Amino acid sequence: MSGYWAGILAILAINIIFAYGIFITAAAGQLNLGGAGFMAIGAHAAAVLGEQLGWTPAQTVPAAVAITACVGIAIAFPVLRTRGVYMVLATFAFAQVVTGVILTQPALGGAMGLVVTEYVDLPVLLLAAAGTTLLAFWLMATRFGLALRALHDDELVSTLMGVPARAMQVGAFAIGAGLTGLAGGLYAHHFSFVEAQYFNPLLSIYVLLFVLIGGTQTAWGPLVGATFFTLVPELLRVGGSWRYVVFGAIIVAMMMFRPEGIVTRSLVDRLFSRRRPAPDAG
Amino acid sequence: MLLDVADLEVRYGRTHAVRGVSLSVAPGEVVTVLGANGAGKSSLLKALAGAVRPAAGRIWLAGQDITALAAPDRVRQGLVLVPEGRQILVSLSVRENLLMGAYCRRDAEVGRDIDAIYDRFPNLAARRDMPASVLSGGEQQMLAISRALLARPKLMMLDEPSLGLSPLLVSRLFGLIGELNREGLAILLVEQNTRMALRAASRGYVMELGRVVLDGPAEKLANNDALAAAYLGGH
C-alpha cells in the first residue's frame, strides 16, 4: 500500500471513531458542535501522559478516553440545560475554551504543540475504528439505544414512558465524549504531533456534517458519512481546485434530496429485510 | 382510594395554572375532569404524572405518597399518562413504540402483552414494522393508548383523547375506554367532549381558571343547568 493511501486510511479510521462520538449524542437529539474540543482533550491528554509520565499508548489511550468522558459528564449538566441552537452554541463555546486553555498553557504544548514519541501504527487504528463501529451498532440495538431514539423524537413522551431522560442524555454525552477522546488519543500517537490549532471550529463542523449527512437514524450513518467525506475529496483531486466547488455542490444536493441523511431507517429496511411481504400481499 | 390529590398547585413562572385542586379516583373507576381551554386540566395531569413539579399539594397513589417521585418512578408505581395530541414516537416503528411502553418492565411477559395488543388492534399488527408516522390519526391514538397499557398501569390518565378524531372514531375510542374499565383499569379522563365523557364516567370534576368549581356524580353533572349552559350549550 502506498504511503498516500495509508495516510488516507488513518484519517478515515480516526474520522469514523470521531463521527461515532458525535453520533451517539445526535441520536438522542443533541447536536454537539464542540467535537474538536473533546478530541483536543483526548489528544493532549495522551501526549502529556506519554511524554511527561512515560506511559505507553496502551495506557495513554484508555486514560485519554476516561479523561474525555469525565469532562463530557461534567460539561453535560450545564449544556443539557440548553436546547436546539443554544446547545450548538454552548458546545461550540466549550471547544473554544478548550483550545484557548491549551494555547495559554506551555505544559500542554501552548502554541508550539507537543511531539509524541510513541507511535501507533495503522492496523491498531483500523481495529479501533472497527471496534467502535461494532460498539455503536450494539448500543443502538439495546434498550439504551431505543431510549435514545425515543428521546430524539420526544423528550416529554419518553419521560412519561419511564425513561430517565437526563441520565440517558448524560450517559450518551459521556460515551460520545469518550469516543472523541479515543479518536484524539489515536491521532496523537499516529501523527506524532499535536497542536491546539489543528482542533479548530472547522474540524467540529466537519464531523457534525459527517454525522448529519450520513444520517442519525441508524448506526450506519456515521460510517457512511465519515467515509464519504474522507474519500470523496481525495477522489475529486483530479479536478484540481474545482474539487471544493464540486464537493460543496454535492453537500447542498444531499441536504436537498436526503434531509434525513444518506442512510435512513427505511433504506436499511429495504436493503436488509427481503422477508417482508409486498405491501399488497397483506 | 387509588388516587388522592390534595390542594395541588402548579405554577409556570407568574402563571398560576392549577390553584388548590383536590380530587380522588377509586379503584376501577372512570373519573372525568371537564373544563374549557386554559382551565388547567392538562397542567393537572402533567403534575400528576410527574412531568411538571407542583408548587404545593400532595399526591397519593394506593395510599403511598408519590409527590416527590420522578416521572419514571410514578410509571413503575402504575400511574401513566397518555398526553394530549397522541404524541407517538414518529421515527420508531409501531413495535418499537409498544416496546417503549414497557420500558419500565423487566418481566418476560412483554412479548405476550404486545401480541395481545396486536389481537385487539389488527391495524397495528399489520403495520408493526412500519414507522409509526404512517398511521392514521385514529390508529395513532390506539397506539398511544396501547403503549400506555404495556406499562401495566393501575390508573391511566388520558388527556383529550378524542381531539381531532372523526365522530365514528370518537365513539370507537369511548367504546375502548369502557372496555378497558370493565377489565378493571381505573381511568382519569380529561375531555372537551363533555357529553361523551360524562357518559363514560361515574363521577366528574369541572375546572375553571385552575380551580374545581363543581363536582359530583356524572348523571348529576350532565343534568346541571349551569354546566349545560357553559359547556353543552348549542348542542
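The backbone N, Cα and C atoms fix where each Cβ goes, glycine too.
Unlike curated records, TrEMBL annotations are generated automatically.
Going by TrEMBL, these are the annotated features:
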TRANSMEM  A:6-24  transmembrane segment
TRANSMEM  A:31-49  transmembrane segment
TRANSMEM  A:61-80  transmembrane segment
TRANSMEM  A:85-104  transmembrane segment
TRANSMEM  A:124-146  transmembrane segment
TRANSMEM  A:167-188  transmembrane segment
TRANSMEM  A:203-229  transmembrane segment
TRANSMEM  A:241-257  transmembrane segment
Contact between the transmembrane segment (A:124-146) and the transmembrane segment (A:167-188) (3 or more Cβ pairs under 8 Å, separation 6+): yes
Long-range Cβ neighbours of the transmembrane segment (A:85-104) (under 8 Å; 6 or more residues past either end): 30-38, 40-41, 44, 75, 78-79, 110-111, 196-197, 199-201, 204
For the transmembrane segment (A:167-188), sequence-distant contacts whose Cβ falls under 8 Å of one of its Cβ atoms, 6 or more beyond its ends: 13-15, 17-18, 20-25, 27-28, 30, 32, 35, 38-47, 50, 57, 60-61, 63-73, 75-77, 79-80, 114, 116, 120, 124-125, 128, 132, 139, 144, 147-148, 151, 194
